[in-house]
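Working notes, structure below.
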Amino acid sequence: MRSILVDWLIDVHKKFQLTPETLYLTVNLIDRFLAVRTVPRRELQLVGIGSMLIACKYEEIWAPEVADFIEISDQAYGRDQILAMEKTILGFLEWYLTVPTPYVFLARYIKAAVAVAAAAEEEEGKEELENMSFFLSELGLMDYATVVDFRPSMLAAAAVYAAGWTVKVVEVRRWAATLRHHTGYSEEEVAACARKLAGLHSGVAKNKLKAAYRKFSAPDRGAVALFPPATALLLTTAGAPSS
């Protein structure tokens, strides 16, 4: 059910044209809230709406109104219900909203990876590398096991590493010293999470939950979701693949 909720929220996030920070904070709030509060299935979407409303107020300059969330959820919940859930979430989380989501790390790591690609004169792959990193990270965000098993900084580093293999930016897939410095992870350390992300990529076209796939199949995202997954990562069972 969580995956269905996050899939829907990715579509909502795109429709409202929100910043990436908002999506990552929304999912963080949902997971932290569900870890401390049992929620009936019928209220799960309400938790998602309340979490995104909070994230919008925290991250956006112009946040959607409660009425916008009522409309986009086909009036499944009323204004009072949404505001009550917002208050409940904030209470349980003690208003702790400044958290290290994968996006915080991803933005920095992508800059480092793009700089590495530019220094190696791999200019053509820079935009694809960035879009692919975001795509793989969002696939990881949808998969609860990935979120639980890997810390946010690891997920971000692995997304960049797997993206380097997928779009074939040589210096990124070699995990150059610059990337080791900025992430604090060795190639061997990111390999397991990168394999998981490559596996999610390989199955996404046949998955019923396609919000991220649709989003990153669009021309403005370089249609990176349509790229073949990094089979070199999938074929390894331990450690890093050979460049």
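The backbone N, Cα and C atoms fix where each Cβ goes, glycine too.
Unlike curated entries, TrEMBL annotations are predicted automatically.
Here the domain 'Cyclin-like' (7-91) returns a mean pLDDT of 95 for the predicted model. Here TrEMBL flags 7-91 (among others) as domain 'Cyclin-like'.
Residues or ranges marked as domain 'Cyclin C-terminal' by TrEMBL: 100-230.
Annotation source TrEMBL lists domain 'Cyclin-like' at 104-199 (among others).
Applying DSSP to the domain 'Cyclin C-terminal' (100-230) sorts its residues as follows: 101 helix, 0 strand, 30 coil.
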